[in-house]
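Working notes, beginning with the structure itself.
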Ligand code: RTP
Ligand code: MG
C-alpha cells in the first residue's frame, strides 16, 4: 500500500474542550503524520460548501451551525493507506456504535459533535485538501 494523504478536521466540540493534542496523539500513534495544519473559524459559506454533498440530508443545517460554532483545526495527514487508517482510528460516526479505543468512542459527545472529520475516499481527500490548503502549505 502506497503513501497516501487524507484530510482531517478536529471539530468545534474538541477545540472547545481543549483536547486537540489528545486527538493528534491518537493520529500520530496510528502512524499518520501531520503534514499541514491550521486553526480556523469557518464561515457559514465555507461550511455549506464543504458539506455540499450532504445538503439534502435532514441534519445539514444543524451540522453547518455546529461546524461554525467555534474554531476547528484542519489538517492534512500522510501515511500508508492514510484514508482507511484515519477512518479506523476515528471510529463510527455515532460514538454509541464506535469501537473501543477509537477517537469517537473516547472523545465524541454525540453523533453530530463527534470530534473529528476524515475523508472517506482518496478522491474526496484530494478535493477536501484543496478546499482548505494550497500546495505550499503542505510540507511532507
Ligand atoms: P465525517 O464526514 O465528519 O468524517 O463523518 P462521517 O463520514 O462518519 O459521517 P457523514 O455521514 O459524512 O456525516 C457528516 C457529519 O454529519 C454529522 N451527522 N449528524 N444528526 C445526525 O443524524 C447526523 N448524522 C451525521 C456528523 O458530524 C457527521 O460526522
Ligand atoms: Mg463523511
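Just so it is clear, glycine is given a Cβ too, placed from its N, Cα and C backbone atoms.
TrEMBL annotations: computationally assigned, not manually curated.
On a predicted model such as this, the values are computed, not experimentally measured, just so you know.
Sequence-distant neighbours of residue 117 (active site, pros-phosphohistidine intermediate) (same chain, 6+ residues apart, CB-CB distance under 8 A): 7, 8, 9, 11. Annotated active site, pros-phosphohistidine intermediate per TrEMBL: 117, in sequence order.
The ATP binding site annotation in TrEMBL covers 11, 59, 87, 93, 104, 114. In the three-state DSSP scheme, residue 93 (ATP binding site) falls into the coil class.
Under the heading domain 'Nucleoside diphosphate kinase-like', TrEMBL lists 3-140. The average pLDDT for the domain 'Nucleoside diphosphate kinase-like' (3-140) in the predicted structure is 98.
Taking every pair among 11, 59, 87, 93, 104, 114, the residues recorded as binding ATP, the greatest CA to CA distance is 21 Å. Other Cβ atoms within 10 Å of the Cβ of residue 104 (ATP binding site), summed over all protein chains shown, number 22.
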